[in-house]
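Single-structure report; data block below.
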Amino acid sequence: MSLVNIYANDDNRSLEIKNKVINELQKNNFEISEHFSDKAVLNICIGGDGTFLKAVHESNLSQIPFVGVNTGHLGFYQEILEENIASFIESFKNDNYMVTNLSLLTCQIENNEVMNTYYALNEFVLKTRNHSIIHLDVMINGYKLEKFAGDGVIISTPSGSTAYNFSVGGSILFQELDGYQLSPIAPINSRAYRSLPSSIVLPKDTKLNIEPYFRNMNQIDLIIDGNVLNTGSVSSYKFTFGDKKIKKLVFNSNWYWYNIKDKFL
């Protein structure tokens, strides 16, 4: 019998749907684990996109494919609806699905001469802890592009382009595009600072280096897929794209475009 990992949000709706998913899986002779097992053939995430992101991180970026059952609002990762649970499991059992690879962003930070590496499926955000103006030097492939001042910056994947990035006016990128995006949050333009007012889409091999001004070094939070990390004193944040990927099952090739139209138009 094949094993399936189940992750579910703890709200009543998600727990109700979780029981339906488990019952349907058991009817089809699957075993269930409600804790991550590397012996599983599938990770099922029940909830909204936040549940999907949480499962990805808690599984340590598992290479076992993920699929989402939507009980939330937007659901850009959550393709399966309640009424499709039985047909989804039947399709999975019969290998009737596609697998898409979603690239993650990598952020390396040096803190007291120790290098730490973090990964994001949606985005990294840099903001000051006290919500004051952040001052940053932005360098692309070693070239100093701008002296940024504003509320913060978002570095997002194509998958994350429809999340926080979109709310600040960033572009929507197709999920499988080989590139990432730098978007400003409330940028300031003055004699001292020249901040681009729009997002920049970067090719996958581009190295993005962001250096905070000295007075900001101890005041910045790195927000990783919505989770706040107090990084301490950091002299630079180095971003690259595509070093790691996760696998996501897709049952409808037009699901992404359907979601764009349904949620935004």
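Cβ atoms here come from the backbone N, Cα and C positions, even for glycine.
TrEMBL has this to say about the protein:
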type	residues	note
BINDING	Asp49, Gly50, Lys54, Asn122, Glu123, Asp151, Thr162, Ala163, Tyr164, Asn165, Phe166, Ser167, Ala186, Asn227	NAD(+) binding site
ACT_SITE	Asp49	active site, proton acceptor
Completion exercise
One finds that other Cβ atoms within 10 Å of the Cβ of Tyr164 (NAD(+) binding site) number exactly 19
Completion exercise
Cβ-Cβ distance under 8 Å, sequence separation of 6 or more, same chain as Glu123 (NAD(+) binding site); the residues meeting this, in order, are Leu105, Ile154, Ile155, Ser156, Thr157, Gly160, Ala163, Tyr164, Asn165, Ile223, Asp225
Exercise for the section: In three-state terms from DSSP, label Phe166 (NAD(+) binding site) for me. Expected result: helix
Fill in the blank from the handout: Across every protein chain in view, the count of C-beta atoms other than its own within 10 A of the C-beta of Thr162 (NAD(+) binding site) is 23
Exercise for the section: Identify, in sequence order, the residues in the chain of Lys54 (NAD(+) binding site) that are 6 or more apart from it along the sequence and have a CB within less than 8 Å of its CB; answer 'none' if there are none. Expected result: Tyr7
Handout entry: Phe166 (NAD(+) binding site), number of other Cβ atoms within 10 Å
Key = 18
